[in-house]
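What follows is a short report on a single structure.
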Amino acid sequence: MVEFILERGNYWAIIGLMMIGLYTLFSSTNLIKRLVGLSVFQTSIILFYISLSRIDGGTAPILFGADAKGHGGDHAEDVAAAAAHGADAAHGVAADAGHGVADTAHGAASHGLEHIYSNPLPHVLMLTAIVVGVATLAVGLAIVVRIREAYGTIESDEIREMDLEVALAEYAHDHPGEADPA
Amino acid sequence: MKTDHHVILRVVAKPLIPIISLFALYVHFHGDYSPGGGFQAGVIIAVAVILYSLIFGITPAMRAVPPWFARSLSALGFIIFGAVGVWALMMGGNYLDYDALFNEEPGGHYGQHYGILFVELGVLFAVAGSMLSIFYAFAGRVTEIKDEDW
Amino acid sequence: MIDLILQLAPAWAEAHAPALIIVLPLLAGPISAFLPGSGRIAWIMTMVVTALCTLLSIILLAQVRSVEGGAVISYAMGGWAPPYGIEFRIDALNVLVLMLVSFIAFLTSIFGWPTIRAEINEEKRAMFFGAFQVCFMGLLGVAATGDAFNLFVFLELSSIATYVLVALGSGRDRRALPAAINYLLMGTIGASFYVVGVGFLYAATGTLNMADLAIQLQDTSGNRAVQVGFAFILVGLGLKAAMFPLHQWLPNAYTYSPSFVTAFLAATATKVAIYALVRFLFSVFSLEFIFEGASLALILTPMGIAAMLACSFQAIFQTDVRRTLAYSSVAQVGYMLLGISLGTAAGVSAGMFHLVNHALMKGALFMAVAGVVLTYQGTRIHDFAGLGRSAPWTMTAFAIAALSLIGVPLTAGFQSKFALVSALLASGWWWAALIVVFSSVLAVVYMGRILQAVFFKPPNNPQKRQKEAPMLLLGPLWVLALANLWIGINGNFVVGLANDAAQALFIGGVR
């Protein structure tokens, strides 16, 4: 049981972060805190993908040593080709890692590589996700700044009350003589 | 004058800023062989300007790198990225097909090499420009939150 | 007709249409954001780009339909062959969505100028059009891509642009800002859930290409990771599509954003998310997996029915026309989900048919409301009183679209509801067919309240002069209204497209 928990330590951390983020997002009334919750939530997803890419004994996915030589040689322009081959190799590794069986030696050996590399694809995906997250956060903060200017507060319950007053006033204006619906 | 009470910061930051910018270029051009590339380089360039504005104030920073320039830079980055793709289209390849860029024979590497370099240059401009624009948009606002509100 | 289009189109446009349709707005967006002037040049550029995209989508349609049963166009981005590279994959299903989005974008961008001049500050207009084109590009990208992660990127690109566009409504009403931040929080949760789901699928299969995923997922019905991934994707895309309990962001966002944005979003944004949902339900996951392994019918059907009933009731009690229409949108999403949850070709075809028709009628309705906002400044039912006399052309088009929403014979709404009811009866779901009819009665009530105010009540403000919306607005509005009538009288063209789309899913357009 203890082993079961400890073996999956990364997943517990990810689930914990995800729940902390979602809880902050839903329970807080302060808009900045809600955006912080959103960021924590997104970070847990990034960790999730990165831990998917890890392979036992794998190093950073950059060809080095004999691997780089075997594919490219010393010419600068050939390194680009080596990188392209590296991408192919990485796909092989990706497929193996994905099947859940740690048959990584096969993944490396079948492509004639000396070293074992982590799967670079999730890293690249998360680079994109980070950019998207930053853009979302920037837009969100900009809107919060505008809310502060328009309402004088960033507490969402206070904003809701102010909006409700406006809506009731509109209703009373449209239906003179009727009883207040609230 | 008591204005130079951050004198250590100023003295340290001044030589650092060009080095940071140079390092950004290194990260960009060395992206072929090591971790790096346009995205990281763009952020580092933006960091150099942000450091300048933190030490010397937002107004001198805006004079050195005007907000309109930052915005145009990000648009220019987009356009460089797209233009490389259109270049590949015109040479008869698919969109962003670097192999088609120089009409090489199969096995040629110039297309892959320069294609990714140009695309990453576009990414560098776009990222640096947008990071700076975001920073200016927030830092450049006149503060209207009074001290007792905190 | 198809031969003629294929003859007229230049060869390069045919070969690269899947990429060009994305690249054009992608490049034009940032350029038009920096065009000088008061935004007029940016507007013209937007019109040109959306028109070209419409042409490209017509070329794609001709290519897909040139083969009996629908061809599949695969475009490898950067020359990297699928499943490793990013593939753009156009089949009978998404060519329909591409055409719908670009056509609606073209019509809305024509009518956009007068309302934007009235609602958006001069210095923000060029940026506004840039954001609009990025949003448009994102929606097209979601429809065109064949890569699960790429879909997320396009989804977020369009969403981020949408948040900005919604927030720009704050010039008219500050309530646009809380609406935008709520939309941002909910929309980002939705997209993040989708990414988690894709991560689980990637862990289980090691691929991100949808066609490849479909093959790899065939023999994984008992895999827990796949089931969890499916649940995350369903919730994530359901949030984006305003599936019933996840629709809370939608009414405020539609009510307070600029009229131009509302008209465009109501007609396209949720539709594209529904397309993505359909794509995952039927072509990435297999039918056996969803209907036996995850018992989709127990989730999607009740949600669709709950949306049809609860949101129609909510729509009845609104005082704001745009809010009524927004709740009605959620209810109409319920119709589409009900059709999809049948799991038969007829059901999916009816769902897609209703998707197209709903885009046409909601587009027309929100355009008419935009005209009223422009000339009379007000979106409450109270403000609409007596407009039938002072703005007959706008309001006649509004009435046609409203009748179509209700489902009166000879309109598009009748055709698709009829198709839906027949599909339900063919599967023996007579109780669901009754609920569809009952929900249509609710639509009579909420649209009837507005129509009654428009045509039978005296104007609230006797000074209201005879004043129509400008011609730029009336043109696209009537195109949409007449499209509703045309599909209602002779819907064969769209029915054929929807049938092909459903066939592409069920006979293996992807597999």
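Every residue gets a Cβ built from N, Cα and C, even glycine.
Unlike curated entries, TrEMBL annotations are predicted automatically.
TrEMBL has this to say about the protein:
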type	residues	note
TRANSMEM	C:12-35	transmembrane segment
TRANSMEM	C:41-62	transmembrane segment
TRANSMEM	C:92-114	transmembrane segment
TRANSMEM	C:126-145	transmembrane segment
DOMAIN	C:147-442	domain 'NADH:quinone oxidoreductase/Mrp antiporter transmembrane'
TRANSMEM	C:183-205	transmembrane segment
TRANSMEM	C:225-246	transmembrane segment
TRANSMEM	C:294-317	transmembrane segment
TRANSMEM	C:329-353	transmembrane segment
TRANSMEM	C:359-378	transmembrane segment
TRANSMEM	C:390-408	transmembrane segment
TRANSMEM	C:428-448	transmembrane segment
TRANSMEM	C:469-489	transmembrane segment
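Sequence-remote contacts of a segment are chain residues at least 6 beyond its ends whose Cβ falls under 8 Å from one of its Cβ atoms, and for the transmembrane segment (C:41-62) they are 1-2, 5-6, 9, 13-14, 17-18, 20-21, 24-25, 28, 31-33, 35, 73, 90, 95, 98-99, 102-103, 105-106, 109-110, 112-113, 116, 125-126, 128-130, 132-133, 136, 140. Proximity of the transmembrane segment (C:428-448) to the transmembrane segment (C:359-378) is not established, fewer than 3 Cβ-Cβ distances being under 8 Å for residue pairs spaced 6 or more apart. Simply put, out of C:12-35, C:225-246, C:359-378, C:390-408, C:469-489, C:225-246 has the most Cβ pairs sitting under 8 Å from the transmembrane segment (C:294-317). It is C:469-489 that, among the stretches C:12-35, C:126-145, C:225-246, C:469-489, forms the most Cβ pairs under 8 Å with the transmembrane segment (C:359-378). The stretches the transmembrane segment (C:126-145) and the transmembrane segment (C:225-246) do not meet in space: the count of Cβ pairs below 8 angstroms, excluding pairs fewer than 6 apart in sequence, stays at fewer than three.
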